[in-house]
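As recorded in TrEMBL:
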DOMAIN    496-559  domain 'CBS'
TRANSMEM  39-62  transmembrane segment
TRANSMEM  74-93  transmembrane segment
TRANSMEM  126-146  transmembrane segment
TRANSMEM  166-186  transmembrane segment
TRANSMEM  246-266  transmembrane segment
TRANSMEM  332-352  transmembrane segment
Amino acid sequence: MVHTGACIASLLGQGGSRKYHLTWSWLKYFKNDQDRRDLITCGAAAGVAAAFRAPVGGVLFALEEAASWWRSALLWRTFFTTAVVAIVLRTFIEYCWTGKCGLFGQGGLIMYDVSAATETYSGPDILAVLFLGVVGGIFGSLYNYLVDKVLRTYSIINEKGARFKILLVVTICILTTCCSFGLPWFSKCIPCPTDPAVTCSTESGNFKRFQCQSGYYNDLASLFLNTNDDAIRNLFSTSTRDEFRISSLFIFFAAIYCLGIITYGIAVPSGLFIPVILAGACYGRLVGRLFASISKLDTGLFALLGAASFLGGTMRMTVSLCVILLELTNDLLLLPLIMLVLLVSKTVADCFNKGVYDQIVKLKGLPYMEAHAEPYMKHLAARDVVSGPLVTFSGIEKVGNIMHALRTTGHNGFPVIDEPPFTDASELCGIVLRSHLLVLLKGKSFSRNQVHCGGEILRKYAALDFAKAGSGKGMKLEDLNIEEEEMEMYVDLHPITNASPYTVVETMSLAKAAILFRQLGLRHMCVVPKSQGRPPIVGILTRHDFMPEHILGLYPHLSPHK
């Protein structure tokens, strides 16, 4: 749902889809980097709000995980988005409550209500919760480690083609089916609850008879053969201490833990959140049964705290997870214990590795910048990591030189320098983007002499001609048709140059430059010389220049932890 929300937002940000005739003229105002990032962040928040029926949790998820940099405007935009999601969701739930939608839409905004249990707790209960958090953090970090190893293996298999992808999916499906239908045969039958509202059925319901006789149910089948939502609801159920035996809980936890690891990464949208909640709830209920002699907390509340500890150990989120769990369960009195177990599990897990999302981003090779600078960056200056060679343009440049630079480099931004006789001395005019250069060259606003003709160019183009294109829709170098004689002509770059780029002095600490780069959401940062009499720019820093692989490749003697 998070991915779906982000995809819809990205589609809107690029103006819709011409192929499917879904375009609106008003969407053209979002064709820029900042608004598109904001839209995708709002889309991710909407996905969380819809999936977990947690509007405030969606906002906090966007703050904690989806956005690299945050500001007040983005806060109210995501809040408005999730508020609309909550209203629409409530409307459909009310409409479907009468049975007009079949099984779709059954239930309210609270998915797992545990408010019926008493939340009084004492010293032994706190010790049990601390144990839950510590072990949950260890299990979570181990989960991340194994997921990383499995994903690296799957990437090798998936590179061999679609046939191997399908074979991998079929193999995992067969294994999952064998576990789901095979393991319940080893479980003994338990008499059905005496509550007249509860029925033991072979097909539907929370209590599965499976191979048992009438009046009995199979507790392991009740977990394996239900949907994930119903299985979580079973584990969160309060005042049902003996509903599941310890041996069944242990088998189910081991199976879900292993199946969750090997299922993520195959060519099906299996997700991470729900399998982790399911494994954590089972682990928490198991701990609740083991600590039943010293703790007075309900086993259903232990299941909720176990899910929180497991989520904290794998996702490493704190505030958003806490609020999502509260909105899922409608139990505000349990807030102190959820906060405690999340903080303990995250702290313990951070001692071993990073969160699962961070590991996946690193595995995919995406240049993600952390919120803090690495310690070794304090020993370097901005000029130390500038990668070359630097390609610059004059304010009025020859078309052939621009074409040569675009063909021979993959740079996205080029410094523009004004030189005599147009200025008294060489000075940095700004930065021009590759995409803007392509639009300008396609319009062929050339002149035979080096003269300023910015006014004519501005009249020829509209601002939206230089708007950010959608994925795969931007103009390419192959789209240009420049004649040989036009290569010797000149073009004025001043109208499309960003004349106010962010600049830092070459002696600035690399750690400060990295924090500035991330907090301002930059794509390019100009490094200028400290002294006069030198070229007006030393180089350009991009996101890739702040990556540990680049820095430690230039300075292998630096320790990654110092």
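Placed from the backbone N, Cα and C atoms, the Cβ positions cover glycine too.
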Per-state residue totals over the domain 'CBS' (496-559) - DSSP helix, strand, coil: 22 helix, 12 strand, 30 coil
Recorded stretch that, among 39-62, 166-186, 246-266, 332-352, has the most CB pairs under 8 Å to the transmembrane segment (126-146): 332-352
Local confidence of the prediction over the domain 'CBS' (496-559), expressed as mean pLDDT: 91
Tertiary contacts of the transmembrane segment (246-266), as residues 6+ beyond its ends and Cβ separation under 8 Å: 139, 143, 146-147, 150-151, 154-155, 165, 168-169, 172, 175-176, 179, 183, 186-187, 219-220, 223-224, 272, 275-276, 278-279, 282-283, 285-286, 289-290
Outside the transmembrane segment (39-62), six or more residues from its ends: residues with CB under 8 Å to it: 1-10, 12-13, 30, 74-75, 77-79, 81-83, 85-86, 89, 109-111, 273, 317, 319-320, 323-324, 327-328
